[in-house]
Ligand SMILES: Nc1ncnc2c1ncn2[C@@H]1O[C@H](COP(=O)(O)OP(=O)(O)OP(=O)(O)O)[C@@H](O)[C@H]1O
């Protein structure tokens, strides 16, 4: 008897059957069993199913079938046109994911081997190269196409597809587009991509099928309405677990929404207090609470544990700069050290790779490919930002480490979903700072329960601290690493301030001193987040950052040359400043002499008279004050402040004036201890301090 998940229940072409047989997939996954027939029946779908549950084939199989159908119905284009006819467009948020989809479709075409396949083609449209150059290449391809025209599947990132469609002579003809798929739809529909998606939607025909796919779709349902879907079905695949009423474990529970309800946006919510997402059944989820000072020590130790080393690991950080920094440190402390133990200068096997959005496109592709292709027993590690959080399907990933929890709450589910895919087992751990424990109940309410990481995988305080010392030595001996350390710290602090869950990750509770220690900084950077604050728990290094050289000889030479040039320039500027100062002084003297010369005799006489009067007036005031002080009517500090006020009109150093005056008025008979005198001069209002001075005053 055939079950609803047997491939045989699908009415698909021989090509698809051949591909499925080649892949060795015995049965459809639940999401495939529901979604493929719906798309084949021309329905629009919004599909939410757990990470690693086979959503890619849930849209690629219908894509292939629909394109074959369109080909057999005859696709035409203007003779001599330099445009490619696009039958389906799959949009994904990152170039790695778009490439993955493109490659799976390539495999599909290769295995399907039907006659029509010769007229099915695929194009990858992702950033990294000049859009105009890419468009020219596509146009050249179109010029070579023979009749009857092939139909293309385009796997693209939103920015690149938008750019190609916006060109005056766009190489893509979207008139024959039958199917538009948004993979990781919730992230594509968020603000960052909104403009791109709107432009793409405006450029594709209204008469098309649309599919939205993600493991976390429910939160974005309102935005889904804006993608021009017609009569969509909301498919939410949940596996019944033991304890659920009804069928046993692994049974399929599908929610198909009424089209009317979807169309007006009033989608019925499940009767649960908060949005919860399905997690892979064989995923073990852990947490570890650690102070910032022990995090790097833990990470280094953890990646060396045999249990972790026998598979691949993806480590997530908050920012590109933190990925860069911890990448050089871990390469130094793991790859290079392992090589030097063997007497090699360069590591024979590079275990630690990195991936983030600010990398040069070629380096980014190379690093990702290396990670994907490296044998699992070599224990490859990929340090990444959320660029690797969604969709990527790498074999043998056994551990996910989240050094920094994600700022986007949905990203947690996607990050941990890079392991335990397609029914395999996998483990994930998230590190939390001491003040971040509110994240645990937050996750629990969303159906994600975490256990504490077992002891054997942890690191003791002593090892963590000695690793940090080694890390500091690397920072103190290579300027490139030192600069990266500060940049990483700053980027982390700034990203933390922008957290989407500020009530769970409050910036005011972030221990900046410990964090700076954990980042092995030599000095605290002078940033507005730190200036004026009392930062505890940080001890600055004995090493002067200005003296730290670059390890790379070329960079160090360049630095020294620049330093010498700067010094020369400064000296030159100093000379010029001196000359300018001298000129200014000369000019001022000249001007004064000229003004003096121009004064009339009456003016000069009047000025002298005024000067004399002022002097007498102030002397009289000072005498009165001194009398009051001697009679004890005013205190020494009052005396001094009033004296200052009297003398404030006079030019010169007020305090010096006050000191001179005291000497002048009480004469040499007054035995002023120099330190007491200076206390008075510095304007202390402390009466006790001044007592000996007061006692010495002549009556
Ligand atoms: N019917 C099937 N039986 C067994 N394995 C399958 C089947 N369909 C797909 N797979 C495999 O499952 C793995 C995960 O599939 P896929 O990448 O499509 O997951 P996904 O649901 O898109 O995950 P994510 O939400 O992380 O993007 C792939 O390695 C794929 O080859």
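Residue 1 is the first one shown; counting continues down the chain.
For all residues, glycine too, the Cβ spot is worked out from N, Cα and C.
TrEMBL annotations: computationally assigned, not manually curated.
Remember, predicted model here, so these are calculated numbers, not experimental data.
The domain 'DEAD-box RNA helicase Q' annotation in TrEMBL covers 5-33. Beyond its flanks by at least six residues, the domain 'DEAD-box RNA helicase Q' (5-33) meets 40, 47, 49, 53-55, 57-58, 61, 64-65, 68, 107-108, 111-114, 116-117, 235, 237, 239, 252, 254, 422 of its own chain at Cβ-Cβ distances under 8 Å.
Summarising the annotation, TrEMBL assigns domain 'Helicase C-terminal' to 297-465.
Feature annotation from TrEMBL assigns region 'Disordered' to 542-616 (among others).
The region 'Disordered' annotation in TrEMBL covers 676-699 (among others).
Positions annotated as motif 'Q motif' by TrEMBL: 5-33.
Per-residue confidence over the domain 'Helicase C-terminal' (297-465) averages out at a pLDDT of 91.
Helix, strand and coil residue tallies for the domain 'DEAD-box RNA helicase Q' (5-33), in that order: 17 helix, 2 strand, 10 coil [DSSP].
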